[in-house]
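Everything on this sheet refers to the single structure shown next.
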Amino acid sequence: MSLREVTNYEVSFYIPLSYSNRTHKVCKLPNGILALIISDPTDTSSSCSLTVCTGSHNDPKDIAGLAHLCEHMILSAGSKKYPDPGLFHTLIAKNNGSQNAFTTGEQTTFYFELPNTQNNGEFTFESILDVFASFFKEPLFNPLLISKEIYAIQSEHEGNISSTTKIFYHAARILANPDHPFSRFSTGNIHSLSSIPQLKKIKLKSSLNTYFENNFFGENITLCIRGPQSVNILTKLALSKFGDIKPKSAVKERSISIRTRSFRRSKSLKKRQDSSKNDYSDLKTFKILNTTWEKKYKNTMCFQQFPECNSIFINSNKVPIMRLLFPVSDKNTRFTKDDIKIYSHLWCELFGDESPGSLSYYLASKGWLTGCFAFTSEFAIGDIGLILELELTNSGWENIKRITTIVLNRLLPSFYVMNIDYLITFLKEQNLIDLVSFLYQSSEDLPMEECSKLSGILQDDLECLTPPNIFKGFKSLIEIDDPNIEKYENTKANIQWWTGQAIKFQNFLKSFMNHDNMRLLLLGNIKSGNIFDKMKNKSDICTDFFYEFEYYTANVHLASDNKFHSNSSYEFNFPTGNLFLPDCVSDPLKLQQLFLECSLKSKFATLRPQIYSEPTRTKPQLVSENQNYEMWILKEDPNFASDNKSVVSFEVLGLGIKPSPEATIHLEVLAQALFIITSSFLYPALRIGYTYEIASSSKGNVTLRFTISGFPEGVFTIVKTFVDTLKLIATDPTFLSKDTLRKARILVRNKYKNASSDNCVKLASVGLLIVLEKYIWTLEDRINALELTELESFEKFCFLFWRNPKHLVLFMQGSLEYADAINRYLNNNFTQHLKISNEGSKPTIRLYPPPSTKDLDQGTNAFISYNGHQDDPNNSIVYFIQTAQRDDIKNLTLTFLTEYLFSLTLVPDLRNKKQIGYIVLGGLRVLTDTVGIHITVMSGSSGHNLETRINEYLSYLQLQVLNRFTEFDFRRILLEPFLNLLKQNSTKQFEGSAGPVDLLNEIVANVQNGDNYTLNNKQMRQHRKVRNKIAEGRLNFQEDHEMIDISFLQKLTLKKYLAFFESKISIYSAQRSKLSIMITSPMAEKEIASRKMFLQLEAFLKINGFAIKNEDLKKIVEHSKGNPILLVKNLFTYFRRRNEVFKLGTVVLQEILKIIGMNLKQRYGSILGFSSQDGEGQEIEKFWNNDTSPIVPLQELPEPNFFRKAAF
């Protein structure tokens, strides 16, 4: 195959200014694969994503989760060309890459990223791309590996059970049209992928082969490749690696003969060569998703127009949440697909508004709401949901009926009858904001994530989206290069056009946002009483088989409730003019000119020499300081960053206030009070892409920190807003009301309630900080302090914080246009930090020591156990081994080498072979003063069992791996590959297998507002890292991996490394310092096992037509006490009493025994006495010592504050 067989399409993409150095191309390979090529000479890595137009909506009815299982098997089971199982994952790990995959209802996406390293003169990316591509040609669905991947899916599913987002999505399925595939459970679990196939004699290998053959062919695949290579080289890579994936014609003719297939294929290629090359209109005909799925759905909508039940009530102890879901289908409607895409985007902006006149503002003022989110969810092609999610207070939960009535009977009608000029102003401004936000967005610095998004977008209806919008992802009313951009001028014709758009949008709201089309999803305490008076078709409370939550469904009718609202003077309104839109971007014609310049620069980038370049790395500069103040700036390379945006952080340390749980809580309440008072004024800034954070110190000292990003003049306005409001709170006793303080306390309480209900891995990680960090207080201490926070004590604290001496750190990045103005304003209105240098006064003495970490004593082998959330059935452990002080470069270097060793062995051994849990992470962990290595696991097994398995792994690693190394093996297998990664600057972090290095940097601010993409983009992450290093006094500004001593490593011998391992890591070391944090589910293990058994048995009996009441079945399961044999006996007795024992039969009883036993063995084997032995597990089992015990006995810490009381 040659490049002449590739069809190229000329597209002038809409791209952000930050993409102007990149080159983009869309092309079609001879086999029908549509590919997007991105050449970026600044990339330090290369990435690829492949999306197949198939997903869980193609699952056979009897094998829920088959698509998900296929996704797992594709990458793990090998291919005919590369048959070694796990080869791909091993290569990714060895080269410090990342990989992932996900399955939705209609798409399956596989993607990976690798540093630009070379091996024997060949780019590693090219060789691994060949392995990756082979999976989509001739995969091996090795039956020996199927059970392992089913276990992984089961563990993944168990991790999802406690996720609020997953619960709501599944609840939407319960309310959906049962005739649509969306209504079916899709993730898969051990029941759907193992029990049912065994019961029905279904061969999974055969099902996987059939699924693959029917769906994995050229025309069903889209591809995105990104790297620093030229577009021609990347196109050649796409062609050489993926061009021989079979097209649909070859798949259809596969059973005929090789000759016939070959002839058909060559004929097809010849035809394509003669077809309209570079034909833009041909690209617009690509509608891969529509073409594939519309045939399957046959005009069936995801949600019925007249459902029996329109509401679901989910029982939960978490913070109550209410979702209003309005299904939108492009079937049986006068609105075009274009209309629906445009208006649904505008709907999100309108109903997510928090400024005065909005629903959010009104409900928050009533004390019913703590958060309002408006978004769309794509359920299937042509079917989306407009979702309004309200995070409620307890008072809000008690007023759900009123809230729903307000939305339907007051908010929506006001939008229909309001002066249409307000709506026109909103539409015009929002269109402009969309263009500004897109043009000024930062460059995507996670190439594989961008590729995964784009390979999926390529399957959209490109006639509707239009090819230029591929990077933008949505259509606007007026695009930036549209000649109609002049419609912003107020001519008569233009006003008529905008009036027409406004009326059409109002009709969109009327058509879809009404009571008949509403679905109500509620999560909270549903057992406290009926939430609605009028409910029809109410079901009994039952337990969902898959997600195990209790719920009931009903049809809720909401009559008009004018009595309650007749006296309300609140007026709902559309968002008004945005004060934060800078003059420089408020002219559409200027924006159009900017876009055209950017587009031309990118278009002709191919004519420039393709020379690899990356941004010049500059260190922050200390430009001004005195004893109580530092001002830092960071200038960015103008070729790679926009000079139109600023990021500003200022951190104020209260020098005269003692760190304590009370002080931390007062600061958190202060942050929330600032948010409550200013959020409605600042919300318009968020619409344009500004962000802000308010946080108390993550390390517990008395520090208040602000971080603000956006256009410079707006950033200055936000700084002034926060400072002025803080001054009023601190100095005016009449300013802060009791109601505002109450709301702030509720927000803090909800934050801790949400944190305590987080997954057990996060709880264990935070638990490590609580035990070891000096000022990181326990949840109990914080809640007690919150209970004692009253208006008088809070105002006293704020006054002291304001009046007492302070230390300011000001850090500015990007545009420095307002740097001096911000510095002066802080001095004059808050900190008075410049008076010290001007008046020559003495510096303020710091009365209290800075944050620090407990230095674990040698010979420590301790653990502490916390309870997890009561709805989470999983357990977890963080097994932390302290290895060095942060400034101990040699031991830090050896710890990094150990992290690399873990990246090669930990996941393959503990997760894939030993199968101790779904989440298995291991690598470097950095605390304030110390560093160490951690192993983190989430599993159904107990914490102590996980501790034992980790000890076995470390013993195996030492005795059977490292001790068998020769010096040659050590250098060839471990040291030289690691040095190679260092030399090629590609050890950014082993995130895939290690998790975050510095947990303190991962703590989210108390208040964080703005677009999630902007808050986590490359510039913001860099800003946080630099800001934290300044605060810690680590002013060399090196990344952690840059502190590795390469010269030391080059001279390292096996003997020296073994000495480190045997002293610091080995379980046989008397000097090792180790601490485990165990999170244990409050649910009793046998209770969980019994609940699982009941749900599995209930499903089995229903499938086979056995009638038994739920209450009777529950009693049978409870009496069996987790014993499958006793369960079968009790079932036999039950049906014998009813003279129906003949129905069971020996075969059915055996199947029950087999299915229940196998299901419970996977998760509860240690409790019920099962053994876990299979081929690959046995191979490693013989090397693992099941009786391994550390030389230092494990001891339990009496309480989380043990070290704090003893050492601090």
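Along the chain as shown, the residues are counted starting at 1.
Backbone N, Cα and C atoms are what each Cβ position is placed from, and that goes for glycine too.
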Of the residues S262, S266, S276, the one that Swiss-Prot lists under phosphoserine: S262
H68, H72 bind Zn(2+) per Swiss-Prot; candidate in E138, E156, E158 listed for that same site: E156
Neighbour tally for E71 (active site, proton acceptor), based on other Cβ positions within 10 Å of its Cβ: 24
Candidates H68, H72: member of the binding-site residues with the richest Cβ shell (10 Å): H68
Whole-number Å value for how far E156 (Zn(2+) binding site) lies from E71 (active site, proton acceptor) (Cα to Cα): 13
For E156 (Zn(2+) binding site), the number of other Cβ atoms found within 10 Å of its own Cβ: 16
8 Å Cβ shell about H68, H72, E156 centroid, Zn(2+) site members excluded: G65, L69, E71, T103, E149, A152, I153, T187, G188
